[in-house]
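According to TrEMBL, the feature transmembrane segment maps to 66-90, 102-121, 133-152, 158-180, 192-213, 219-241, 297-316, 336-357, 378-397, 403-424. Taken from TrEMBL, the feature domain 'Major facilitator superfamily (MFS) profile' covers 66-447.
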Amino acid sequence: MSTSLDPESIPPTVAQEKMISDIPVESALESFVSNNETLPSVVVDWDGQHDPENPINWPSRGKRGIITLVSALTFLGAMASTIFAPGVPFLMKDFNSNNNQLASFTVSVYVVGFCIGPLILSPLSEHYGRSPLYHGSNVFFLIFSIACAVSTNLSMFIVFRFLQGLAGCLPITLGGGTIADMYPPERRGTAMAIWTLGPLLGPVIGPVIGGFLAESVGWRWIFWLVTIITAVLSIATFIFLRETYAPTLLERKAESIRKLSQNPTRIRCKYDRGQTGNELLIAAIVRPSKLLARSPIVFILAIYVGLVYAYMYLLYTTFTPVFTSQYGFTTGTAGLSFLGLGIGFVLGQVLVGIFADRYLRAKAKQSTDGKTQPEHRLPPLAVGAFFIPVGLIWYGWSTHYRAPWIVPILGTGFVGIGCVCAFLSSQMYLVDSFGIYAASATATNTV
């Protein structure tokens with residue numbers, strides 16, 4: 001590969017830095033970066049717009065593979081939040097407890113870890129890269145899932161359930177950033193729609209599986225199943241997942257150049273701002289909190305999506321008691337009542353995913369410079385604001401008046417479509433707005 005260096009073509013006013021945009025051939029590098037005190041710093045960047053090392057230019061097949069892996073991890077983490085819900089009565093019986101508050105807490109404590117983790121852990125991907133955090137998350141999620149399965153008392157179970165949620169939160173907060181690493185804005189809609197099926201369908205399918213497992217082989221096998229799936233995905237991730245974060249990849253290129261250079265201190269990554277490692281780490285950790293405090297739109301979207309999630313999880317808690325007591329479903333078949341919501345999620349993903357990219361391309365054609373704005377991602381929010389209350393009123397009215405079981409399930413389908421509109425639209429807006437800091441921005445939205 002060649003270097004993009006032409007000192008004569010750089011005006012004197014901007015000649016303080018010369019750009020080197022690819023990992024250079026060793027001989028070419030040594031001839032340029034010699035022991036010469038007059039040389040300016042060398043900034044490492046991509047080798048032009050079509051550099052094959054840039055994740056944006058990776059083959060579509062490789063990108064789809066990474067999206068599939070990340071989507072599967074996101075689905076698993078979300079599924080684990082509700083898969084245990086049908087097994088709670090069996091756990092309480094095993095541990096000889098009748099405390100209803102603790103019974104509810106065994107499920108909700110996972111969500112507590114799921115909410116705390118993003119603000120602390122996700123920004124680290126903007127310092128260490130995406131792949132180390134995915135791998136670390138998988139390992140710890142595996143360990144804590146095993147710990148839940150072998151717990152011998154309620155206190156032990158609750159602690160490990162919280163830690164399981166803490167470890168399982170990373171894919172849902174890193175996924176948006178990973179997609180932003182690999183896709184330009186006008187092609188992100190479809191990829192985001194595929195990925196967001198995980199956090200939405202996971203909690204729906206979880207109780208269906210958990211109900212049958214708890215009834216047939218016991219509640220511990222719920223966690224053994226999660227452990228087996230995690231182990232398989234962890235192996236696949238170690239083999240196939242590539243680093244996608246541009247600053248990390250360019251820093252690796254810069255480091256390889258430094259090893260060949262007689263003046264390594266002159267070579268820096270394009271994203272290097274001269275901060276120490278500790279300064280970068282602290283900046284990454286506090287970035288989500290700063291975004292929440294200083295950006296009104298980030299704060300408003302976080303509140304809105306938080307309310308949507310609250311309504312969604314509140315709805316989850318009603319399905320089993322409503323359909324077992326009013327419609328005579330068993331513990332296993334009560335999980336099937338979640339499928340109306342799931343169908344709504346799928347329909348919403350298809351509609352919003354297709355609309356988002358087409359709408360963005362149409363706006364790009366209308367623009368004089370061919371560019372779009374992140375605000376073009378927001379129209380589906382209005383649709384969600386209509387569908388969610390309509391679906392909730394439909395569900396509440398039909399169950400109150402004991403309408404046939406299919407009627408409330410149809411109402412939950414409207415809620416599912418509205419939730420997709422809210423979640424997907426806000427995620428795409430934050431990813432488009434904050435670029436390389438998308439993980440920090442989406443962390444605020446997850447909380």
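Each Cβ is built from the backbone N, Cα and C atoms, and glycine gets one as well.
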### Task
Mind checking which residues of the chain, 6+ beyond the ends of the transmembrane segment (336-357), have their Cβ under 8 Å from one of its Cβ atoms?
186-190, 192-194, 196-197, 200-201, 203-205, 207-208, 312, 315-316, 319-320, 322-323, 329, 377, 380, 391, 405, 408-421, 424-425, 428
### Query
Can you give the mean pLDDT for the domain 'Major facilitator superfamily (MFS) profile' (66-447), rounded to a whole number?
86
### Message
Same chain only, please: residues at least 6 beyond the ends of the transmembrane segment (378-397) with a C-beta under 8 Å from a C-beta of the stretch. Say none if there are none.
### Response
304, 308, 311, 315, 344, 352, 355-356, 359, 403, 407-408, 410-422, 424-426, 429
### Query
Can we call the transmembrane segment (66-90) and the transmembrane segment (158-180) in contact, meaning three or more C-beta pairs below 8 angstroms at a sequence separation of 6+?
yes
### Query
When you scan the chain for residues with a C-beta under 8 Å from the transmembrane segment (133-152), skipping those not six or more beyond its ends, what do you find?
70, 73, 76-77, 80, 121-122, 124-125, 160-161, 163-164, 166-171, 174, 220-221, 223-224, 226-227, 230-231, 233-234, 237-238, 241
### Query
Of the listed stretches 192-213, 297-316, 403-424, which one has the most C-beta pairs under 8 A with the transmembrane segment (219-241)?
192-213
### Sequence-remote partners of the transmembrane segment (158-180) [C-beta within less than 8 Å, at least six residues beyond its ends]
66-67, 70-71, 73-74, 76-78, 80-81, 84, 102, 105-106, 109-118, 121-122, 125-126, 130, 133-134, 136-137, 140-141, 143-145, 147-148, 151, 188, 191-192, 195-196, 198-199, 244-245, 427, 430-432, 435-436, 438-439, 442-443, 446
